[in-house]
Amino acid sequence: MPKYRSATTTHGRNMAGARALWRATGMTDSDFGKPIIAVVNSFTQFVPGHVHLRDLGKLVAEQIEASGGVAKEFNTIAVDDGIAMGHGGMLYSLPSRELIADSVEYMVNAHCADAMVCISNCDKITPGMLMASLRLNIPVIFVSGGPMEAGKTKLSDKIIKLDLVDAMIQGADPKVSDDQSNQVERSACPTCGSCSGMFTANSMNCLTEALGLSQPGNGSLLATHADRKQLFLNAGKRIVELTKRYYEQDDESALPRNIASKAAFENAMTLDIAMGGSTNTVLHLLAAAQEAEIDFTMSDIDKLSRKVPQLCKVAPSTQKYHMEDVHRAGGVLGILGELDRAGLLNRNVKNVLGLTLPQTLEQYDITVTQDEAVKKMFRAGPAGIRTTQAFSQDCRWDSLDDDRAAGCIRSLEYAYSKDGGLAVLYGNFAENGCIVKTAGVDDSILKFTGPAKVYESQDDAVEAILGGKVVEGDVVVIRYEGPKGGPGMQEMLYPTSFLKSMGLGKACALITDGRFSGGTSGLSIGHVSPEAASGGTIALIEDGDTIAIDIPNRSIQLQLSEAEIAARREAQEARGDKAWTPKNRQRQVSFALRAYASLATSADKGAVRDKSKLGG
């Protein structure tokens with residue numbers, strides 16, 4: 001039977017100094033021998049998804065203490081991708097994931113904590129904490145801050161729903177008046193919480209449910225709603241139970257690697273494809289799987305993408321539905337219920353509540369449950385009041401959306417598309433694959449061929465798009481923006497949004513070894529691997545080269561002969577130490593980012609560190 005990790009610092013005369021310091025934090029004799037549980041918070045006033053988390057750590061801690069544990073809270077950093085977008089700040093976003101994972105490991109191992117409750121929410125914070133949890137493999141429960149309410153405003157005598165992306169598009173559209181742009185900007189992000197669409201933050205919080213590491217409702221219940229408080233209270237109680245099960249009963253089923261098994265990862269990716277989640281989730285699931293020592297690769301994702309239909313469509317792929325609507329339709333478990341009935345899930349998995357998938361669906365799938373409290377929870381809706389306070393309202397929808405023929409969530413028979421919301425493409429300049437969010441691609445451009453317009457930075461591409469140099473039919477190629485080449489693998493939300501604002505959203509393609517915001521839609525293909533800075537063929541594309549994209553057949557091709565590609569590769573190598581670097585880009589890169597780049601792998605590996613360079 002494993003002994004509590006914390007006993008290392010709380011037992012024995014030689015630990016008198018450590019105990020003295022523990023006492024200075026408020027611990028007493030009666031606390032030594034109890035499990036020490038880290039409450040890993042991520043409160044910050046920089047990020048709307050985290051601005052309301054300050055007191056929620058205390059809420060969890062109080063429940064831990066009441067249940068027989070000792071709670072110790074610490075904070076991680078949190079980058080707001082939307083605020084960091086469109087300038088040099090975006091270079092720091094993806095690297096912050098590694099810093100978060102490392103900081104959690106450092107704090108938990110340095111102080112010998114026995115278990116964790118991770119209070120996350122936004123884009124890199126949930127993945128970073130997930131990576132740390134699977135790396136450490138001690139009992140853990142995730143409880144996130146919850147989604148933002150959708151913005152709403154009246155345009156042309158019609159009430160429309162809004163989000164961050166609408167503000168960006170309207171702000172760059174020369175045809176939109178200053179008054180209308182200002183109106184949209186002021187209405188787009190009305191409350192605390194993670195941005196209201198199926199962007200990266202909400203996608204990842206949904207996936208922690210599918211992995212079994214968070215409670216039902218975690219991915220979709222609004223940040224502002226009073227019902228969300230119960231998730232935090234339950235997490236504090238449940239983590240003590242899980243911790244005692246492992247340390248006192250030698251029950252390894254309480255450990256995250258046994259909950260988030262390969263079968264659970266396959267279920268999470270199946271959910272992701274069915275709900276048209278952010279392409280960033282691919283990057284983060286691949287990274288998390290490596291931390292869990294699970295053999296889960298782009299090949300597995302490709303296989304799933306070929307058989308899983310799209311059963312849910314949410315902003316940015318449509319303005320009709322946002323996360324508040326997904327919740328009304330049954331949330332993550334509403335989608336999983338339909339996938340289960342279609343025979344597309346592994347049923348032999350459990351969650352942090354100790355329930356198998358069939359047991360969870362029986363209790364929480366709104367189409368089958370007899371539990372009125374569950375139905376009431378899924379009727380939790382928006383209040384439409386600007387606020388930065390968690391749990392500040394208790395409004396409810398009059399009814400649930402259980403219409404699986406024409407509602408937000410569909411059954412297999414009435415799927416939005418027989419093809420899922422994400423696809424992996426392969427070709428002669430994406431030998432290791434690339435990702436497209438098919439949920440956001442118009443049917444008219446699922447097959448697309450055009451001449452390349454090549455840019456070696458996001459900034460140059462934006463200038464060209466807004467300057468009218470990109471025209472209908474072009475394939476915009478932005479390279480040297482991968483994990484190593486950026487460095488930091490910037491999101492390309494501004495280029496894709498500006499294509500829309502210039503009327504080219506359905507008339508152009510954009511391809512990059514960088515990545516996209518969860519708010520991106522359109523024919524936007526990212527994560528091209530190998531990246532340009534790692535010798536990828538994307539570095540050899542020239543202006544005017546023809547690129548053919550065929551999403552139904554999962555193909556992307558540079559229409560050049562092998563001989564021509566080989567000749568260009570030879571010319572690139574002849575540049576010596578300048579080979580596989582941008583020719584004319586002026587970018588200041590800090591030593592911190594250079595350190596990140598020196599170990600970064602391409603996107604097909606999750607952009608994690610190259611362990612071979614560290615002797616691992």
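The first residue you see is number 1, and the count goes up from there.
The backbone N, Cα and C atoms fix where each Cβ goes, and this holds for glycine too.
Summarising the annotation, Swiss-Prot assigns active site, proton acceptor to Ser517 and lists sequence analysis as the type of evidence. The Mg(2+) binding site annotation in Swiss-Prot covers Asp81, Asp123, Lys124, Glu491. Sequence annotations record features per position, and here Swiss-Prot assigns [2Fe-2S] cluster binding site to Cys122, Cys195 based on sequence analysis. Look at Swiss-Prot and you will find Lys124 tagged as N6-carboxylysine, backed by sequence analysis.
Checking the recorded positions (Asp81, Glu491, Ser517) against Cys122 ([2Fe-2S] cluster binding site) with a 10 Å Cα-Cα cut-off leaves Asp81. Set side by side, the binding-site residues Cys122, Cys195 differ in how many other CB atoms lie within 10 angstroms of their CB, and the most is found at Cys195. In sequence order, Asp81, Met85, Met90, Ser93, Asn280, Gly514, Arg515, Phe516, Ser517, Thr520 make up the list of same-chain residues 6 or more apart from Glu491 (Mg(2+) binding site) whose Cβ falls under 8 Å from its Cβ. Long-range neighbours of Asp123 (Mg(2+) binding site) (same chain, six or more residues apart, CB within less than 8 Å of its CB): Val79, Asp81, Ser93, Phe199, Thr200, Ala201, Met204, Asn280, Gly518. Residues near Lys124 (Mg(2+) binding site) in space but far in sequence (CB under 8 A, at least 6 apart, same chain), listed by position: Ala78, Val79, Asp81, Ser93, Leu94, Ser96, Arg97, Ile100. Cβ atoms within 8 Å of the centroid of the Cβ atoms of Asp81, Asp123, Lys124, Glu491 (the Mg(2+) site) belong to the same-chain residues Val79, Ala84, Ser93, Leu94, Cys122, Thr200, Asn280, Ser517, site residues excluded.
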